[in-house]
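**Student:** Here it is, the structure in full.
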């Protein structure tokens, strides 16, 4: 069977010919359930991001050494990011070698161990060890969940389903602030805040035992019977046959050119270099525009703005986290209707405006009364920042990275790109308080606004639109970008193999 772009299931041409086969976000509860269960990894990611911001207020009360050292505070926050870097870097290889399902189970075990160690930590240094283990689990999950969801999703709703993982991240952040508020008056406050994160990891481990492996990964490992069984639960019989034909052709092509992909191979092929630049660049800009600075330190920022009560700081931060979750729901709808690139650009425009407002509030309010109007403007600026960031720069980098790489490179490039995200996250988290002390909070937000302007330029120049495209169409797009539109339809990797 010869596959053209028009005959590929899920492509715009295919669905124009067979509009009755188009699927909607809620049309298949099996796919949605699979997405939500895989997305619990995102929930762990988000919970860990948010919970430390509130727990840190009480850790400082328990450990005098932490209270007296900004560096130790930053280390407690960012050690999870060190673990996440290692987890993401190894997660791509684990995914390709052992599958998406086993990688998720491993992430749950490591995360649970870290949560228990944090809850029982007798001193800041054991706490830091627990944060490292939790980060390892989160890092593996951050690579695995988007790829697992994308490979089981019909292309016309792939963006929304992958973005559901980002909704789980933002929901985890919101949940962490609720938990923080619930335990503010309970003995062992921060130990409960950190330890309870083991619960969703255990739940995901149990549920994941009953979930299938990614059908695309099974095809590539020549386990077609299991793959077809999974696909039969996703597609009706008419489209199922087309999907099987498409995956069989893709698997045969992969086997024909099969080789062990190494990290350096990513940089040998022009197409893969361009894809990795777009994917990793978006991940870096997601962090350097300040999102996790806002989420890690939002209670601290609120206190900097003049609201000194721990409970009030957590309550206002809860509103910020709620805005994040609602904004992500909007993004789930927009990403498959408005497009990835337009969504990223409009999101960044709002982020720039919000960061400038935040900067002005802190600079102008530095000499005003501690709880004056500028404090409220700063809180409004935080909420606006999240409202603009969440629908666009929240889901777009993760969605794009789940779909821009060919199958043979998807695990390793996804892992490398997630590693870039976590390294960028670490740099920002480890330096925010220090930079704010050196140049002032207002100037720090102005620096982030400048980085957001650079992000706009990057998206315009290097990020393609992938809305509604199949994986094969995306490969063809990179070939055309690398070698010109007159390139024939030879395999994407042939240039890389011969270079």
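Think of each number as a place in line: the chain as shown, counted from 1.
Positions of Cβ are set from backbone N, Cα and C atoms, glycine also.
Per TrEMBL, the feature domain 'Major facilitator superfamily (MFS) profile' maps to 34-467. The transmembrane segment feature in TrEMBL is assigned to 30-59, 71-93, 105-122, 128-149, 161-183, 189-211, 312-336, 343-363, 375-400, 439-463.
A description of the local structural setting of each listed feature is requested, covering burial, neighbours and distances.
**Tutor:** Outside the transmembrane segment (71-93) by six or more residues, the chain places 48, 52-53, 56, 59-60, 65, 103, 107, 110, 114, 124, 127-128, 131-144, 296-297, 411-416, 418-419, 421-423, 425-426, 429-434 with a CB less than 8 A from a CB of the stretch.
Beyond the ends of the transmembrane segment (189-211), by six or more residues, the same chain brings 34, 37-38, 40-41, 43-44, 47-48, 51-52, 54-56, 58-59, 62, 101, 104-105, 108-109, 111-112, 115-116, 118-121, 130, 134, 137, 172, 176, 179-180, 183 to within a C-beta distance below 8 angstroms of the stretch.
Sequence-distant contacts of the transmembrane segment (343-363) (same chain, six or more residues past either end, CB-CB distance under 8 Å): 282, 289-290, 304-305, 331, 334-335, 374-375, 377-378, 380-382, 384-385, 387-389, 391-394, 396, 440-446, 448-449, 452-453, 455-456, 459-460, 463.
Through the fold, the transmembrane segment (375-400) approaches residues 146, 150, 158-159, 162-163, 165-167, 169-170, 278-279, 282-283, 285-286, 289-291, 294, 298, 301-302, 304-307, 316, 319-321, 323-328, 330-332, 334-335, 340, 343-351, 353-355, 357-358, 360-362, 365, 421, 455, 463, 466 of its own chain, all at least 6 residues removed from its boundaries and within a Cβ separation under 8 Å.
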**Student:** Given the model, what does the mean pLDDT over the domain 'Major facilitator superfamily (MFS) profile' (34-467) come out as?
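**Tutor:** Residues in the domain 'Major facilitator superfamily (MFS) profile' (34-467) carry a mean pLDDT of 85 in this prediction.
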